[in-house]
Structures are given as structure tokens and as C-alpha cells.
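Pulled from TrEMBL, these are the features on record:
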{"type": "DOMAIN", "residues": "57-89", "note": "domain 'Alpha-D-phosphohexomutase alpha/beta/alpha'"}
{"type": "BINDING", "residues": "Ser67, Asp285, Asp287, Asp289", "note": "Mg(2+) binding site"}
{"type": "ACT_SITE", "residues": "Ser67", "note": "active site, phosphoserine intermediate"}
{"type": "DOMAIN", "residues": "127-177", "note": "domain 'Alpha-D-phosphohexomutase alpha/beta/alpha'"}
{"type": "DOMAIN", "residues": "182-292", "note": "domain 'Phosphoacetylglucosamine mutase AMG1'"}
{"type": "DOMAIN", "residues": "308-458", "note": "domain 'Phosphoacetylglucosamine mutase AMG1'"}
{"type": "BINDING", "residues": "Glu388, Ala389, Asn390, Arg519, Pro520, Ser521, Gly522, Thr523, Arg528", "note": "substrate binding site"}
{"type": "DOMAIN", "residues": "476-548", "note": "domain 'Alpha-D-phosphohexomutase C-terminal'"}
Amino acid sequence: MNKEQESLLLNSSSRFLIPQGVKISYGTAGFREDASILSSTVYRVGILAALRSLQTQSVIGVMITASHNKVSDNGVKIADPNGGMLSQHWEPFADAIANAPSPQQLLQLINEFVEKEKIPFDGIRPAEILLGRDTRPSGDALLEAARQGVTSIAGAVASDMGILTTPQLHWMVRARNKGIKASEQDYFDQLSSSFRCLMDLIPTERSKFDGINGKLVVDGANGVGGAKLKILHKLLNDLDIEVRNSSEDEGVLNDGVGADFVQKEKVVPRGFGSKDAGIRCASLDGDADRLVYFYVPPETNAQIDLVDGDKILSLFALFIREQLSFLNEKEAIKNYHKARLGIVQTAYANGASTNYLKHLGLEVNFTPTGVKYLHEKAAEFDIGIYFEANGHGTILFSESFIEWLEVRSNELSSGSKGSEAEKAALRLLAVSKLINQAVGDALSGVLLVEVILRHMGWSIHKWNELYHDLPSRQLKVKVADRTTVVTANAETVVVRPPGLQEVINAETAKYTQGRCFVRPSGTEDVVRVYAEASTQEAADTLANSVAKLVDQFLGCNSS
């Protein structure tokens, strides 16, 4: 790094000094904090993104969002060249530069990292960063901080892509690095054309949805997703969608609305009630990377029947498995390829869903909580499906399987046109374009759920009957330092502090179908408690008992 570059960094970083006493870490969803103290962090992430772009010789993304958090919060995360999360190898560096106490120490850290990682400053290919933000009032100022961070690296270009859903920004990064057109309109065009292709392939006898089952009412969490869904809806004549709680309404972002609220509280979001009884409803989160479905029972006091990420995963798995079975009916065919389908879940997946998927004969794998772990595991399969119960998930198709599928589709088109095998190949290719393979995407997820329900001829009630969830309860316990809790086995076993897992085991053993685990939050100083049992009362009691045990071991009061 030359003196001119060092001077540029020192001058710009002196405008973004760290607030006193603030220490921040790159969690499962990047950096998140109260927006008022984030400017220096976001500025430094801009630098980080530019360095990542130089090292990978690729377009990198920076998204300003705090997803389902309250409106006063904000955050920032990086989209890597494949559209996925920042490489875990770079996370310690992200933490280090975010917390460097002075411009001089920041420069020293950058110099050391540039030398260690052999990051080129030869100017052959300048850094290129796509910037996006959600609808939070703090987004504009923080995006400018990110832009200044990017441009503090000589020659780096920061392109403001505007107000976007988080998945749109990830999709754009992935598309740009694949040499595909990557505007917002390109995103809408790809989703709508692949949706129409799948609609055209629905069996004739199942193609008619009428009455109450034909309408979908969507809660947009008063965030960016509702407004984007309205745009998408205009491109699709086949969907009857009503959007409530869009960012164009007067409601507060994520306040009594959104997928996180609906999934955790199991009650209707604002603007929904008994008038919606029996109607198929869905809820996005604030930046539209989570999706859950629900319906309001005829007799209700705000309670709902939740159709969560586990059930979305199960629906997708059933559909994919059906298409693969059509393709694999004749094993003697030329270029036969038995695709490896893998399901990936975390410990938060309801035990009933895991049992159901295994009963279908599917391979189920577990990872620690966090999309980066799920995504990495799903990428090991020809088709990998991952979802968290909170509604974040997607389907990944390997490049080699897509290539085989395209060849097979052409063979079937010439030799067996109109056959179930040809339709299956075309459906799978359309799914690979409809689903956002960069990250969980509530908009593409809604379209895929809707077309599969039509393909199956199912109402939301029939879908919800695939299996019955075991009652569960989630709590959190405030702690002084979440890093004092260390887990193993995909976060299902506590390794430290010693003795805590043993008392959790003893408590869990008291309950029929009992299952309980604790894990440190990735974003705040709390320990999360998850419990399942055969009745809701038992699950509640188990969760509360274990929360007290955690509090006893770590010396803080539960919340």
C-alpha cells in the first residue's frame, strides 16, 4: 500500500471515529446495533468490502439493514461474490477493524491484513461494490458512510442500488459475477417468467383454484418487501394477492407485524383479524428475507395456525422429490443421473418436521444456527434445501446438476415431448431460476409456495396437515457475556460452563417427548432457550425451568 493510499485512509477515517465504550462483533447477520452509533462501523465495512472485492476480483455487496429488528436499530452485512454471506475466514478481520480505536491503528490492521492476504493494489481491476438499504430512516446516512468507506480505497467504485430487499441485493451481486444483467427489473423479470413457466406446467385437473383458497393476503411488516411485492404482483395475472402493512402505509416497521413477530408470538399481525378467517395469509419480515404462512381459525382471539419455515421446507421437498421421481423412472436411460437431494435444518427445527422428512426417506443434516452454516452444507448436494423455522431458507442447485438437467431436458424434448419426465425437467429448471439461490428470499418463496400449492391442488389447511408440530417455547436469558456459553453438536450440547448440560438433561428427562437446548445469541448478550414437549404446558414449564438454570449458572436475571 503506497503513501497516497495510506493518507487517503487516515484522512477519511478521522471523520468516522468510534463512539467511546462501543464494542461490536460480526454476528450471524453482520453488525447490528442502535443506528445512532453505527456510522464508524458501516464506514469500515465499506473499506472491508473494497478489500474483499480486490482480493476476489469480483463485485461485492454491502446491505444496510437490521432485518426484523426494531426501527431504531440498523446494521450492515457483506454479500460475497456468490451472493452468499461474507467468508467466515474474514469475520475476525471484520471484528478487528470495526473496533480499532484510532485511525492509525485501523491503518496498521489494514496494512497487516493486506500483506497477509496478498490483496492486490495494482489497479488492474478496481474494487466494485453494490450498495443497498432497506426503508429505515437511518439508511440514507449509513449508506453514505459505507460509500465513503468504499471510496477511501483508491479507484474503488460504489454503486447505490437504492432501496431494496436484502435478497435483491444478494441476487444482484451473484448475477453480476455470473455475467448476467442485474438490475431490479431483471430480478422481477426472472422471477415472473419462471413463475409463469411453472404455472403453465401445472396438471390441468389441478389448475383451478377458486373461492377462499385462491386469495393470498400478505403482511409486509411495514418494510420494503410489501412495496416490492406489489410491483411483482403487477407482472403476474395468475395471482390474487392483497398486501397489507407495506412500507407505503403508516405503520411502524416490525412493530406488531412481520414474520418474526408472527412466528414467535403465534398471533395475527396488525391489520389482520376474524375477517380473514380461513384465508391463506403470509408474513414477510422487515427486509423480506423471511417468510411464514398462517391462517386465522373461525373462532379466534388473535391466535393463528402457523405454517412456518419447517412446513415450507417440507412442501418444497415433497415437490422436488416428486419431480426427481419422474426423471428417475427409467434407470436404463442414457445419461442417467440419480440426483442427491439433501435437507438441512438447525436444532430449532420442530422435531415433528425432522421425523416427517426422515419418514419420506430424505437425507436430513443439521448445522449450527445461522444461514452461513446452512447454506454451506446445502451446497454439498445436487439439490440442497435449507430452512429455519423462522422462515429463512432457500433451495440450491449445483452447477453440474443444472448442466445435466439442461441436456436431459433437450433429449426429452426431442424424444419424449410432453412426457412426465420432460415436464419434471422443465419444472426443476424453472424452480432453479425462480428461487433465489444466493439467500433466503420471501418474494421468490411466496411465488414458489403459491405455484406448488396449485400444482398439488392443496389448500393451506391440507398443507398444514402434513404433520403436527410438537408444542414448543422459546425464551431468552440476559447475560453479561454471551461468549461464556460454548456449544457443540450443531449447538445442541453445552460444553461450557461445566455442569450446565447435565442439569438441562436431567430437567428435560422429566417430560414426555421433551427436547431442550440453549445457545448464545449471535447478535445480543442473551442465551436463547428452546424447548419441546408433548403439550404446550409442558413445553412452557420446561423452557422456564431451563431458563432459571441458565440464570443460576451465569448470575443474571432472565427476561
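Cβ from N, Cα, C; glycine included.
Given the structure is predicted, the values throughout are model-derived calculations rather than measurements.
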Please report the number of other Cβ atoms within 10 Å of the Cβ of Gly522 (substrate binding site). 17
Top Cβ-contact partner of the domain 'Alpha-D-phosphohexomutase alpha/beta/alpha' (57-89) among 127-177, 182-292, 308-458, 476-548 (pairs under 8 Å): 127-177
Can you tell which of Ser67, Asn390 has the least company, meaning the fewest other C-beta atoms within 10 angstroms of its C-beta, among these binding-site residues? Asn390
Keeping only the binding-site residues of Glu388, Pro520, Gly522, Arg528 whose C-alpha lies within 10 A of that of Asp285 (Mg(2+) binding site) yields none
Excluding Ser67, Asp285, Asp287, Asp289 themselves, which residues in that chain have a Cβ inside 8 Å of the centre of the Cβ atoms defining the Mg(2+) site? Thr65, His68, Asp134, Thr165, Thr166, Gly223, Gly225, Ala259, Leu284, Gly286, Ala288, Arg290, His392, Ala442
If you measure between the CA atoms of Pro520 (substrate binding site) and Ser67 (Mg(2+) binding site) and round to the nearest Å, you get 19
Rounded to the nearest Å, what's the C-alpha distance separating Arg528 (substrate binding site) and Ser67 (Mg(2+) binding site)? Just drop the number here, would you? 19
Given the binding-site residues Asp285, Asp287, Asp289, Glu388, which one has the fewest other C-beta atoms within 10 angstroms of its C-beta? Glu388
Just to verify a number: CA distance, Gly522 (substrate binding site) to Ser67 (Mg(2+) binding site), in angstrom, no decimals. 14
Number of Cβ atoms other than its own within 10 Å, given for Pro520 (substrate binding site): 21
Confidence summary for the domain 'Alpha-D-phosphohexomutase C-terminal' (476-548), mean pLDDT rounded: 94
